[in-house]
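Novice: Before I ask anything, here is the structure I am working with.
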Amino acid sequence: MTADLLLTHFNQVFCPKDLGHPLFGEEMKEAQVLEDGYIAVKDGKILAVGSGEPDASLVGPDTKIQSYEGKIATPGLIDCHTHLVYGGSREHEFAKKLAGVPYLEILAQGGGILSTVRATREASFDTLYDKSRRLLDYMLLHGVTTVEAKSGYGLDWETEKRQLDVVGALDRDHEIDLVSTFMAAHAVPPEYKGRSQEYLELIVEEMLPRVKAENLAEFCDIFCEKGVFTADESRYLLSKAKEMGFKLRIHADEIESIGGVDVAAELGATSAEHLMVATDEGIRKMAEAKVIGNLLPATTFSLMEDTYAPARKMLEAGMAITLTTDSNPGSCPTANLQFVMQLGCFMMRLTPVEVLNAVTINAAYSVNRQDKIGSFDTGKQADITILDAKNIDYPLYFFATNLTHQVYKAGKLVVDQGRIV
C-alpha cells in the first residue's frame, strides 16, 4: 500500500510500546527508538514506521516525501489534566504567594478557586471560547495534539454547562482534540459554605444526570483535600458518577493526604491527580488497583513548594504515571507541556524515555484514547510532533525553549516553524 505522506530521515523516531495497557513501573523504561527513522501516513493514519530507506512499496506517484535530517519525531504530545476554560486571571494573588501565604489560606480568604469562580460566572460563552482557544493555540505550538479539559469554575449548573459547551465547541473547531471532564466538585461554592454534602447532593441529583443526558463529559472529577471535600464525600460523589457510567478521576494528596487515593483504588478510578504527598501505602494501593498517577510538577514549582510527587517510588511500586500541566489561572498558570516534561527530569529524576512515555502512550490511556493515539502503531491517528533536536535526550536537557519544528494532526500539517498553518 502506498503512503500519502512519507516523512523520512529523522535522526530518531520515538516509538512507545502499546502493550494493551498503560506502561507500569519498569515498563516505562522501554521504547523503540528508530535511528534514521521514517513515518508513512495513509488517510490520516499511521501506515508504517521504520529505519533507513523506506520500502519501495510505500512510494507511489502521489506520495509527498519530506526529509527531516537533524530532527526527531514523537507521537503527538497529550496534556491529560488541564483546567482550560476559565474567566479572569489571578496575578493579583502572586504577591501573597511570594510572601509565603499558603494556598488554602488564600482560598479561605475568598481567593483561589473562588476568585476564578466569580470571574467565570460573569464571563460569556464567547469570552470563554476566545480565551480558551488562545490557550489551545499556545499548546499546539508546543507540540500538544490532545488535551483533557475540566469544568469546575462555575459551581452552578449554568456556568458548569457553559464551560463544558466551550470544551465541546473547541473540540469541533480546533485542531487539538479535547476530552471533557465534569468537575463541579472543584470547591464548595460560597452559597453552600458549610453545606458541602448538600452541594454534592445537588450535583448527584441534578447536574450529573444532565451532563450524561447531554453527553457533555466523559469523566467526573473531585478535589479531595482538607478544607474542600473529604474522602467520604469524594467516595459518595464518585460512586454515584460511576453508577451513571462516568469514568473517574480524583484530585488527591496534593497538600495533605486525607484518603483520596484510597477512594481512587476502591472505585477503580482511571487516574488520581497531583499526589505530591502520596504515602507508601497509598502508592501500593494505587499500583494494585492500576490507577494511573497524573503528576503535575509545574504545580509544585508554581506553588514554590519543595515536595514533588514521588515519581520514582511510584515506578518502583509498579504504578503507571503521566506528566501533565494542570494549566489553570491560580496554582499553575502555564500551558507549556515541554516545560513540565523538563521538570519531570530535573525535579523528579525521570529519564527522557520515561518522560516521553508519560506524555504519549500513558497519557493516551489516561484520557481513554489509547486505541487512537499515543503511539505509532499501524492504524492509529497520525498525530506527530517534530522537534528541532538531534536525539530524544536533547529536548529534555535543553530546557525552557520551545523546540517544536512541525506538528501533524491526523496527517495534516498544522504547525510549521512557529506558526499555525
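Yeah, the Cβs are placed from backbone N, Cα and C, and that goes for glycine too.
Pulled from Swiss-Prot, these are the listed features:
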{"type": "BINDING", "residues": "HIS81, HIS83, HIS251, ASP326", "note": "Zn(2+) binding site"}
{"type": "BINDING", "residues": "HIS81, HIS83, HIS251, ASP326", "note": "Fe(3+) binding site"}
{"type": "BINDING", "residues": "ARG90, TYR153, HIS186, GLU254, SER331", "note": "4-imidazolone-5-propanoate binding site"}
{"type": "BINDING", "residues": "TYR153, ASN328, GLY330", "note": "N-formimidoyl-L-glutamate binding site"}
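Mind mapping these onto the model and telling me what they sit next to?
Specialist: Secondary structure from DSSP puts HIS251 (Zn(2+) binding site) in a beta strand. Sequence-distant neighbours of HIS251 (Zn(2+) binding site): residues of the same chain at least 6 apart with a C-beta under 8 Å from its C-beta are ASP221, ILE222, PHE223, CYS224, GLU225, GLY260, ALA272, GLU273, HIS274.
Residue environment of HIS83 (Zn(2+) binding site) contains 25 other Cβ atoms, counted within 10 Å of its Cβ in all protein chains.
TYR153 (4-imidazolone-5-propanoate binding site) falls within neither a helix nor a strand when secondary structure is assigned with DSSP, and so counts as coil. Neighbour count (other Cβ atoms within 10 Å of the Cβ, all protein chains): 32 for TYR153 (4-imidazolone-5-propanoate binding site).
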Novice: Which one of these binding-site residues, HIS81, HIS186, has the sparsest Cβ neighbourhood, judged by other Cβ atoms within 10 angstroms?
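Specialist: Taking HIS81, HIS186 as the binding-site residues, the minimal 10 Å Cβ count falls on HIS186.
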Novice: Could you check which of the binding-site residues HIS81, HIS83, ARG90, HIS186 is the closest Cα neighbour of GLY330 (N-formimidoyl-L-glutamate binding site)?
Specialist: ARG90
Novice: ASN328 (N-formimidoyl-L-glutamate binding site) to HIS83 (Zn(2+) binding site): how many Å between their Cα atoms?
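Specialist: ASN328 (N-formimidoyl-L-glutamate binding site) to HIS83 (Zn(2+) binding site), Cα-Cα distance: 5 Å.
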Novice: Taking only same-chain residues 6+ apart in sequence, whose CB is under 8 Å from that of ARG90 (4-imidazolone-5-propanoate binding site), what do you get?
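Specialist: Listed in sequence order: GLY111, GLY112, SER115, THR116, PRO329, GLY330, PRO333.
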Novice: Please find which two of TYR153, ASN328, GLY330 have the most distant C-alpha atoms, given that the record lists them as binding N-formimidoyl-L-glutamate, and give only that distance in angstrom, rounded to a whole number.
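Specialist: Maximum Cα-Cα distance: 12 Å.
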Novice: Reported as an integer number of Å, what is the Cα distance between HIS81 (Zn(2+) binding site) and HIS186 (4-imidazolone-5-propanoate binding site)?
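Specialist: Distance (Cα to Cα, whole Å): 14 Å.
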Novice: Which number gives the other C-beta atoms within 10 angstroms of the C-beta of SER331 (4-imidazolone-5-propanoate binding site), all protein chains shown included?
Specialist: 23
